[in-house]
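Now, the feature entries from TrEMBL:
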- 11-285: domain 'Protein kinase' (DOMAIN)
- Lys40: ATP binding site (BINDING)
- 285-304: compositional bias 'Pro residues' (COMPBIAS)
- 285-414: region 'Disordered' (REGION)
- 338-351: compositional bias 'Polar residues' (COMPBIAS)
- 355-371: compositional bias 'Low complexity' (COMPBIAS)
- 402-414: compositional bias 'Low complexity' (COMPBIAS)
- 599-659: region 'Disordered' (REGION)
- 614-639: compositional bias 'Pro residues' (COMPBIAS)
Amino acid sequence: MTAPRVVGGRYRLAEKIGHGGMGQVWAAYDERLDRRVAVKLLHTEHLLPAGTTEPHRRSRGEELRRRFLRECRITAALDHPGLVTVFDAGEDDGELHLVMQRVPGLSLADLIAEEAPFPIGHAAAVAAQLCAALAVVHAVPVVHRDIKPSNVMVREDGRVVLLDLGIATAVEADATRLTLTGVPIGSPAYMAPEQALAATADARSDLYALGCLLHEMLCGEEPFRAPTALGVLRRHVDEPPVPLRELRPEVPAPLEALVLDLLAKQPADRPADAQQVYARLLPMLPQPAGPQPQPPYGPVPDPTRPFRYPGHPQPAPVPAGPAVGVLPLPGQPVPRQSAPQPSGDRQSVPRQSFPAGQPDPAGPPGAVAPGRTEPRPLMMTALPGGPARDQYPSPAGPQPRPQTGQGPVAQPPAAGDLAAACADLSDLVAAKRHAEVIDLAARLLPRARAEQGDGAPLVRTIRTIYARTLLHERRFRDALPEYLLLAGTAEGGPHGPQGLDHRYRAAGCLEQLGEPAQALAEYQALLAAHSARLDAGLDPGPERVHDLRERIGLLLAAAGDPENAWQWLLQLLLDRERLLGPHHPDVRRLRQSLDQLQQHRRTGNPPAAGPLAAPGPVPGPLAAPGPVPGPVPATPPASDPRSAGWPAPAPGNPYATGR
């Protein structure tokens, strides 16, 4: 693998995601903190006026470096959720660099291309969020000077982020400007008349660009178009805009008036500041939806979410994987499905303009369905009499949309690059560069599936690396659907060793996500399946089952059932003590858990945190498959299926009587 360039001793450049006359923007990784960043590189040569003689280059270059760092400090002082965070700045190999937050999501340019014209509320929501960010920028005072759709990102949760403050100009009386004299900075389609005439820009120039954005979101095209950039600038200077209601009659009159005011030729005729614009947009914004939880995210980011669900928690995960249903034991018949199961491809949802994101009436996997009293297990396997293997949902895996600005670069590898990219992935895994492993695996999966099919060993290997790295990074919400997909395509099916291991890790994700009832249902289903394998001599020993029994006992305690939890953990303690001896760490840990449960049974107080937490660390991305567990009823069986009966308690065991 070709060694990539490292800037500033820690920022490894990955791929170029933008460029302009003043430099380039790269997707990069911070090696010290193992996180994704965006790095803007500026060539000082490009910032010097044409014709600068050699004697002046060194002094001018030093002056530009000082100005650059000053403006970086100004930008770094800005603090708002709608602005990109600046992490670092400096010089490397003759180039100035600015390290910024890398924002995931879709650019407003992509949304306009796919969804325009926007609903009124969505356009108002984007503009209002931009006003909130611009109010902070203009208060410094700083002027952005290049507001355009490709410099606006809409995150999955609907939050709008303004990018590319790197060419912003500090407008304090004593502030310097990192621009070339007489050269207008900005994009012609969104440039205020005073910018086009190379005059001084102020905050109202940004508001003019905001008016252009509103016009484009509502009508699908810029307010002024011409074959050449010069023609566009001339129209900005000389021609009035077409009123919105002539192009789209349903636009409210107040919104049309606001856009016309924003597009006034003279800055004095525009709204005074972003706060005024926000106040005029406020009546057009959606109202809060009330106490109900957020629905799952849809395929298109919805910018009204921050207004409809202010301060709400992130939506609960809806696993995208094999069908939900009762998990039978191997060889037992399964009722046929009346219809094919929904696809597990998270990108296969039919596109629609800003989906409302209503949840499935049946509820997410693990929810309590009508007529049931317990959560449903997450998996259904293909068995005789049941759905065929080809009726499993097609596990497309992560297929990020192509993104612009500072979002993750998500283009799949070119033809012929798959083998080399897989070698790169192995190198990244060996180097423990987890953020890069996640990005590359997400990009490799669509290509590998297209070339080799869903069940190919290479596809399963890439997906396993992807899922385990997500798990190592404690991204349980993202890892959960990947493990469900892996279980559905595992060699031997969901009841084989690999499938059971993937399901075990999926249940662990549910546990970590605060879904104990769903995790308990899946652990119980796993225990039944694994016990059947143990009876058939397909598993080497009881360790995996013991681990599951401990998790079930701890989850029963967490669910407020200390009596059943006591019985589960007591029987497990007797088994483990007989197998490992009274001084083994596992045995001591179980005694601690039982001590806490005993206190809870006597006092009625909830058990303290600590020993009752789920045992074992989160496995690493390439750790050997962990214990494959197996289900059980709410109370322990009368006899252990792995022996003639429960072992007798060790002499002197204080828990033998259950008191």
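Every residue gets a Cβ built from N, Cα and C, even glycine.
TrEMBL entries are annotated by machine, without manual review.
Taken as a whole, the domain 'Protein kinase' (11-285) shows an average pLDDT of 86 in this prediction. Its own atom aside, the Cβ of Lys40 (ATP binding site) has 24 Cβ atoms within 10 angstroms in the protein chains shown. Under DSSP, the residues of the compositional bias 'Pro residues' (285-304) split into helix, strand and coil as follows: 0 helix, 0 strand, 20 coil.
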